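Below: one structure, written as structure tokens.
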């Protein structure tokens with residue numbers, strides 16, 4: 001059997017860090033065609049609203065409607081979709097939703113305040129966003145789990161109205177997606193997509209209400225549209241290709257590791273699957289398992305391309321070194337596939353999610369363990385976090401100053417304001433001083 | 001005395017909301033000259049590092065150094081700057097820093113975890129960012145309070161290394177800024193600025209270490225550079241013009257309200273100062289106070305332009321209506337200048353900071369009350385928050401699944417993964433099932 005193409009690297013080589021950086025390098029190409037199309041679509045929806053939406057939906061989704069009412073899915077369609085599922089699918093969705101909800105309940109921030117000796121009160125008021133838009137891709141990449149992972153934290157936060165948009169090319173609907181919307185309590189669903197759906201949510205149209213934030217994955221047009229409307233509305237992260245890093249001490253099953261690498265690689269050809277292992281014999285066993293298992297996979301072409309383009313099996317001489325490399329990679333998903341995996345959690349400073357131990361396979365986290373599957377990619381775990389309830393709450397500072405507080409603080413503010421040459425700042429504080 | 005130019009609006013007019021939206025409308029112009037300059041500077045620093053930094057610093061800051069060592073301020077210079085201040089200034093800075101620190105301590109998030117009946121453990125690990133860059137403008141807009149407000153939450157979060165950059169055009173240094181860096185424990189200070197400083201922090205050079213996030217205000221070049229490097233590093237918000245909205249019930253002093261409007265307007269000509277008041281006589285009194293006090297202000301030209309261009313005195317028929325308008329504006333700063341102001345806090349859904357009561361003048365919050373003065377502008381309080389400790393912490397999901405947990409969850413994940421056509425996901429879960 002010929003060996004499956006995947007990089008074999010050794011972290012002891014002097015050139016290793018340069019090889020690693022080259023492996024991780026990924027820059028999405030600026031694409032003028034996409035830029036121009038998005039510019040036109042945003043302007044179209046902003047100026048003519050519903051009329052533009054109907055026209056773009058006809059052009060891009062091959063869906064011909066005469067009015068906007070035909071682009072909203074009534075509640076009973078969602079209920080019917082849920083009822084249409086097999087009991088296994090319905091139960092799986094419901095249990096997954098319950099577990100994700102239970103986990104996210106722990107993330108809810110509460111308002112706080114403290115009172116000073118002079119009666120001043122300082123704090124932060126935490127409130128949910130009023131209205132959020134959830135983008136769900138249509139077609140092949142239409143994932144009900146994505147509905148759960150985006151809708152549930154918004155609902156736990158207490159978002160007033162959650163509006164889902166999902167394109168239905170040629171009218172084709174995904175019952176699992178609609179069922180997930182029903183289970184999570186999405187308030188309204190419109191069958192629009194692409195940059196035009198993002199524009200409608202950001203600016204509002206005669207029919208689509210303007211939202212305060214847009215979340216959810218999408219293609220390059222959707223990503224570019226989100227980038228453009230940021231500021232007018234909030235957006236979640238613009239995600240890069242999905243990544244898994246597995247650290248192995250050579251314990252456990254090579255087949256499990258191979259399949260976990262496949263699970264990442266099957267997303268698309270740019271997905272990244274990397275193994276760091278202290279045991280060369282185990283690396284060989286994983287490579288052998290890859291060779292043996294790959295032909296059995298329905299998505300084998302995608303997996304093979306992803307492994308060849310962006311995968312790697314890397315020998316490291318210690319688990320300490322593996323953790324140091326993991327911190328440099330700051331992976332979206334990190335599996336600690338080793339004995340006493342819990343002892344190594346504190347060695348990891350940067351990762352979107354850490355899957356601890358041989359039983360904690362990433363797929364459980366993708367669907368039903370409870371934590372969110374929307375995670376920082378492309379080294380952004382160095383500075384950002386999984387999607388959570390905190391992304392659907394915002395804070396307002398409360399500055400309640402007593403008369404006595406104004407005397408004490410006013411003198412300090414006056415000195416500092418004069419030091420900055422801001423005399424009106426100083427005088428507004430001084431006016432409150434009793435002479 | 002001629003009336004100072006400022007819009008007088010009435011919220012009862014049928015066209016009021018359109019007038020309000022026009023008043024709020026602000027779009028920063030795309031500027032090709034800035035775009036091109038930033039493109040060149042980012043590329044220069046990325047490819048030639050220190051050499052480019054030295055060249056740009058010579059060109060833009062008229063500061064001629066032969067090596068990078070001359071662009072780092074040694075610790076003793078910061079200490080000397082602190083020692084050089086008057087005791088009033090030193091005390092004011094120290095007390096302000098203590099109060100800001102005390103407030104931000106309450107924002108620190110902690111890791112959490114829970115254990116399920118089957119022994120699985122789920123949670124989130126909260127960790128500080130490794131290294132943060134703090135941009136501080138040079139020249140006239142060089143504000144020590146900005147150092148306090150950005151550095152303290154980073155330090156409270158536990159950021160490993162805090163690197164400040166501040167341009168010193170022609171070698172001119174601001175002792176208050178350097179003293180603030182010393183008080184807040186900034187780790188290193190480089191006298192570089194502009195897009196080149198942002199590039200150095202984002203990519204790293206031979207001398208400047210790469211950071212994980214860049215915060216702090218700057219001019220249009222700095223803002224554009226931050227926008228471009230976002231993704232490579234995290235950034236804070238890109239701020240718009242500063243805004244205050246004052247809601248008045250006609251109680252209190254017209255002079256105080258006028259000076260509070262000035263304090264916002266003196267920032268720059270685009271700053272926005274708006275009064276909403278239920279009492280027409282009080283609005284007249286405020287307008288009269290504006291006329292009387294304006295000639296006494298050192299920054300009267302800026303204030304007059306800002307009030308004329310973007311200010312407004314608005315009559316509303318009720319405080320309920322005033323709060324509804326405030327929620328539409330979602331102001332950066334909101335002063336509730338009224339009796340029983342605390343009763344109205346819950347009517348406000350969107351604001352960066354609420355200053356409660358006549359004594360709570362915004363200037364106290366700008367310097368020393370404790371809450372952060374970096375606040376969401378341009379209606380983004382609808383979806384974002386004051387700068388805080390949470391901006392310097394990130395979260396990692398912990399997914400520790402027991403063998404029993406893998407049995408239960410694996411079946412659910414398998415059903416959902418097959419439903420999404422992701423067979424490797426399904427099989428990675430199924431492999432852990434005991435038959």
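For all residues, glycine too, the Cβ spot is worked out from N, Cα and C.
Automatic, uncurated: that is what TrEMBL annotation is.
Annotation comment: TrEMBL describes B:332 (among others) as active site, proton acceptor. When secondary structure is read from DSSP and collapsed to three states, residue B:332 (active site, proton acceptor) falls in the coil class. Counting every protein chain shown, 29 other Cβ atoms lie within 10 Å of the Cβ of residue B:332 (active site, proton acceptor).
Around residue B:333 (active site, proton acceptor), the same-chain residues at least 6 positions away in sequence with a Cβ under 8 Å from its Cβ are B:242, B:243, B:244, B:245, B:264, B:351, B:352, B:353, B:355, B:362, B:365, B:375. If you look up TrEMBL, you'll see B:333 (among others) marked as active site, proton acceptor.
As annotated by TrEMBL, NAD(+) binding site applies to B:135, B:196, B:219. Within its own chain, residue B:135 (NAD(+) binding site) has B:165, B:166, B:193, B:197, B:198, B:201, B:214, B:215, B:216, B:217, B:218, B:222, B:226 as residues 6 or more apart in sequence whose C-beta sits under 8 angstroms from its own.
Look at TrEMBL and you will find B:242, B:264, B:267, B:333, B:366, B:420, B:425 tagged as substrate binding site. When secondary structure is read from DSSP and collapsed to three states, residue B:267 (substrate binding site) falls in the coil class. The Cβ neighbour count for residue B:267 (substrate binding site), using a 10 Å radius and every protein chain shown, is 22.
Per TrEMBL, the feature Zn(2+) binding site maps to B:264, B:267, B:366, B:425.
Here residue B:219 (NAD(+) binding site) is positioned 48 angstrom away from residue B:425 (substrate binding site), judged by their C-alpha atoms. In the three-state DSSP classification, residue B:420 (substrate binding site) falls within coil. Less than 8 angstroms from a Cβ of chain A: among the recorded positions B:196, B:219, B:242, B:333, B:425, that describes B:425. Residue pair residue B:332 (active site, proton acceptor) / residue B:267 (substrate binding site) shows a Cα separation of 14 Å. Residue B:267 (substrate binding site) sits 13 Å from residue B:219 (NAD(+) binding site), taking the Cα positions as reference. Taking the Cα atom of each, residue B:219 (NAD(+) binding site) and residue B:420 (substrate binding site) are about 47 angstrom apart. The least crowded of the binding-site residues B:196, B:219, B:242, B:264, judged by other CB atoms within 10 A of its own CB, is B:219. DSSP assigns residue B:425 (substrate binding site) to a helical segment in the three-state reduction. Residue density at residue B:425 (substrate binding site): 29 other Cβ atoms are found within 10 A of its Cβ, drawing on all protein chains shown. Shown in sequence order, B:137, B:165, B:167, B:193, B:194, B:195, B:197, B:198, B:218, B:221, B:222, B:225 are the same-chain residues outside B:135, B:196, B:219 whose Cβ sits within 8 Å of the Cβ centre of the NAD(+) site.
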